[in-house]
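**Q** Take a look at the following structure, please.
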Amino acid sequence: MSSHKRPVRARHDSDTIFSAARDPNAPGVEESPGLLAKLMELPVARLSRQQLKRLEEHKYSSAGRSLLEPFMQGFWCWLVSKVPLWMAPNLITIVGLATNIISTLILVYYCPTATEQAPTWTYLACAVGLFIYQSLDAIDGKQARRTNSSTPLGELFDHGCDSLSTVFVVLGTCIAAQLGTHPDWMFFCCFVGIFMFYCAHWQTYVSGTLRFGIIDVTEVQIFIIILYLLAAIGGTAFWQSVIPVINIQIKIIPALFTLLGAIFSCTNYFRVIFTGGMGKNGSTIAGTSVLSPSFHIGTVITLALMIYKKSSVQLFERHPCLYIIAFGFASAKLTNRLVVAHMTKSEMHRYDLAFTGPVLLFLNQYFNSFINEYCLLWVALVLSAFDLVRYCVSVCNQIATHLNIRVFSIQPPSPSRVQADSRNHH
């Protein structure tokens, strides 16, 4: 993704996320930001001038192509040609993410323990929502090149949305397969999905290149879409039916595929992590230890496992969706920090507010759960969600200000530029 120079212009409140909508010159109106804006202005880690400079110089690097990607490229190229030139790439990404999250939350509403049978339309909505997300996620970069608006912020925004989408995709998959009846399998599938996404960017932080395998995100998403359709058609009876000879329920098959995929993917990730360091003496591109990112994701997953196994009220078994979302927000925040560390070639510091929610749950159990665990889980979810949103808003605004660009809007290119770009791309 290119990071060309863009013309400097004056910044306006509308250029940043969650800026207060106000006119200081209007009579009788005090210049005071709204509550949300005030919350967003709480102290947050600032990117240094050196980090912003390195981010501006960042060049997107990827390698490999998945099995189905060449077949999907034709559709994606056709789709992006229908997108208006005024639509910013980041706006495309956020619309896809919102569609995916909303459709999954509807499923969560009907299946809070991942054991219930939801209405048929909810599974179809999730299948459509995931397909929309996949399509829009695939064309945001094409729209950026088409409108000459490619910047490092676009790459960061794309990966940031993917980190959050991963949480809801793995959760929706487990709900559709009714894995709540097998909590160990559900815990494994959700957290291994989150872990693998983190590892993909971990190896990028080490090697400087995002690598795609033969079976990658496109193939997994299509598999999940098929799974949603099977849930809509077959319902509970389908997932509870037993496969002859091997004598296991059909619902365990997706979990076994997840296990095999995790072994295959993690083998490739860790081969790069241990041997592909681009820094001095095989270190990361920031010159730090290749194992340094393990602390963050390892801490969250370890706390999640300990709280799950030691809960006296079966917190995960009774509220698996709430549990996954709460820890998923924390993991997404850490993944975003890892992506920022990669793009700014900087160290990933150990302390992070993302640990607050999980640590509160752990300490509560350590002191014999003197606070209701279910209530505290809600507190952890809210804290993790707020920390994630606050961090993403702050980083996006800092980068947008530095690059003199807007987050969700662009100036359309001239017709001559569009024609030239079209000739170059074809």
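Using the three backbone atoms N, Cα and C, a Cβ is placed for every residue, glycine included.
All TrEMBL annotations are machine predictions without curation.
TrEMBL lists 91-109, 121-139, 185-202, 222-246, 252-273, 285-308, 320-339 with the feature transmembrane segment.
Relative to the rest of the structure, where do these features sit?
**A** Packing against the transmembrane segment (252-273) from elsewhere in the chain are residues 173, 177, 179, 182, 185, 188-189, 192-193, 195-196, 199-200, 202-203, 206-207, 211, 213, 215, 220, 223, 227, 243, 290-291: each is 6 or more residues past its ends and has a CB under 8 Å from a CB in it.
Same-chain neighbours of the transmembrane segment (285-308): 183, 187, 191, 194-195, 198, 202, 205-208, 273-274, 277-279, 315-316, 323, 327, 330-331, 334, 337-338, 341-342, 345-348, 350, 352, 354-355, 358-359, 361-362, 365, counting only residues six or more beyond its ends whose CB sits under 8 Å from a CB of the stretch.
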**Q** Kindly say whether the transmembrane segment (121-139) and the transmembrane segment (222-246) touch, using the definition of 3 or more Cβ pairs under 8 Å where each pair is 6 or more positions apart.
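**A** When sequence-distant Cβ pairs are counted, the transmembrane segment (222-246) touches the transmembrane segment (121-139), since at least 3 lie under 8 Å.
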**Q** Mind checking which residues of the chain, 6+ beyond the ends of the transmembrane segment (222-246), have their Cβ under 8 Å from one of its Cβ atoms?
**A** 68, 117, 120-121, 123-124, 126-127, 130-131, 134, 169, 172-173, 176-178, 253-254, 257
